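Everything below concerns the one structure shown next.
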Amino acid sequence: MASVFSLPSSSFLSPLKTTRFRTKFQSLHSSPKPFLINSLQLKELDPNIPEPVQTFWKWLCDEGVVSAKTPVKPGIVPEGLGLVAKRDIAKGETVLEVPRRFWINPDAVADTEIGNVCTGLKPWISVALFLLREKWRDDSKWKYYMAVLPESTDSTIYWSEEELSEIQGTQLLSTTLSVKDYVQNEFQKVEEEVILPNKQLFPFPITLDDFFWAFGMLRSRAFSRLRNQNLILVPFADLTNHNARVTTEDHAHEVRGPAGLFSWDLLFSLRSPLKLKAGDQLFIQYDLNKSNADMALDYGFIEPSTSARDAFTLTLEISESDDFYEDKLDIAESNGLGETAYFDIKLGQSLPRFLIPYLRLVALSGTDAFLLESIFRNAVWGHLELPVSRANEELICKVVRDACKSALSAYHTTIKEDERLMEEGNLSSRLQIAVGIRAGEKKVLQQIDDIFRERELELDELEYYQERRLKDLGLVGEQGDIIFWEPK
């Protein structure tokens with residue numbers, strides 16, 4: 001009647017972000033010797049910054065993307081590499097602007113030699129092929145940007161089997177495996193249909209690992225919230241790190257402005273969401289709505305101290321074998337739901353508004369099925385927002401609690417064991433993610449079980465449909481006793 005299982009991420013791409021910087025860089029070809037760097041242009045940079053980043057910064061200076069007035073610069077930060085303030089910066093002040101000619105998106109791909117063969121491909125696949133081709137080309141306009149892209153992130157798509165075993169039983173594991181299968185299937189199709197038939201455009205080997213690299217870069221760095229932009233990489237802007245202190249997402253904008261000495265164009269404009277002192281790191285908010293599992297999959301980190309990021313998805317469905325399938329589906333669709341419904345439950349927060357009504361709908365049977373009759377169609381959801389019958393309420397409690405127990409039994413550690421590991425510290429970045437994810441999911445499952453356990457204890461005290469109906473008809477007294485009217 002009802003089932004609980006993992007929900008794959010609903011969105012492929014995510015807001016702008018960077019991940020821990022690596023001093024090693026993946027290369028599909030031997031990079032040319034970097035050009036000489038003007039020491040005056042780089043005098044403000046930390047000398048410990050890797051040479052590829054210094055070269056990238058020089059390129060941005062030469063191209064006019066940054067100038068002496070640019071109030072931020074690359075710096076070594078706890079996250080690895082980030083942008084730091086060169087001077088005090090006011091909240092809402094514009095800190096960088098990147099002209100459209102430096103955006104990497106499907107439009108940029110369309111204007112290249114591979115544009116024609118990428119027509120009709122999923123946008124992310126066309127950009128992934130573009131990244132791989134530009135990374136291979138010695139004469140690429142983007143070679144200095146490609147050189148600063150990390151070889152991987154701590155996203156779970158890059159984890160080994162041993163590392164993935166640490167998230168055994170979690171929804172994150174099943175989502176990660178589904179994503180990896182998806183990417184592999186897409187690679188096999190694009191290899192057969194695009195790469196191999198066009199060897200003159202792709203005269204270098206592209207492996208599944210290369211394709212995963214490009215996918216991970218897009219997943220972790222692409223910005224998708226600009227007006228009219230569904231997928232966009234913005235060099236320089238994607239050095240900005242995430243911080244939970246930023247509680248808004250309105251920092252990036254598409255504006256018109258000067259893009260050269262005598263030209264105007266669209267600009268990617270980034271404003272500081274926080275007031276900064278000179279030397280402070282510039283932060284943005286990647287996504288307020290993502291769970292820790294989403295963060296781990298997309299960016300390769302979590303927020304262990306933010307309980308609202310800990311979540312578990314209950315997935316419920318109306319079985320096609322249900323005798324009242326058509327009626328239940330019609331009611332669900334009339335209320336914005338469907339045959340399958342997903343409910344994200346967050347730690348420390350109340351249950352989603354439509355969860356219990358949907359559960360009651362799925363569980364309706366026997367004598368309660370009269371509510372499915374057409375005469376009740378316009379009012380039935382209102383009835384489902386309140387207890388229908390003791391049998392119905394008892395059934396939804398049992399289904400949910402059994403599902404929670406089943407899910408909890410799949411983890412190989414307890415909450416206390418995970419908390420002890422986190423208290424002891426000295427965990428690798430990936431193990432820290434694993435422990436945080438599985439502990440968070442278990443806490444949410446325990447919370448759900450507690451809610452429905454308490455509801456089971458209240459079954460005899462709840463007021464059900466028939467009692468409410470009798471009260472409406474004036475047939476129940478103040479003490480709940482049924483009033484019998486005797487004929488005169």
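Positions of Cβ are set from backbone N, Cα and C atoms, glycine also.
Here TrEMBL flags 63-287 as domain 'SET'.
For Glu79 (S-adenosyl-L-methionine binding site), the count of additional Cβ atoms within 10 Å of its Cβ stands at 16 [all protein chains shown]. Taken from TrEMBL, the feature S-adenosyl-L-methionine binding site covers Glu79, Gly80, Leu81, Arg221, Asn241, His242.
What TrEMBL lists as substrate binding site is Arg221, Arg225, Asp238, His253, Tyr286, Tyr299.
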Rounded inter-Cα distance in Å - Asn241 (S-adenosyl-L-methionine binding site), Tyr286 (substrate binding site):
8
10 Å Cβ neighbour count around His253 (substrate binding site)?
15
Across all the protein chains here, work out how many other Cβ atoms are within 10 Å of the Cβ of Tyr286 (substrate binding site).
25
Counting only other Cβ atoms and using a 10 Å cut-off, which of the binding-site residues Arg221, His242 scores lowest?
His242
For Glu79 (S-adenosyl-L-methionine binding site) and Tyr286 (substrate binding site), what Cα-Cα distance in Å is obtained after rounding to a whole number?
15
Quick one: Cα separation, Asp238 (substrate binding site) versus Arg221 (S-adenosyl-L-methionine binding site), in Å?
6
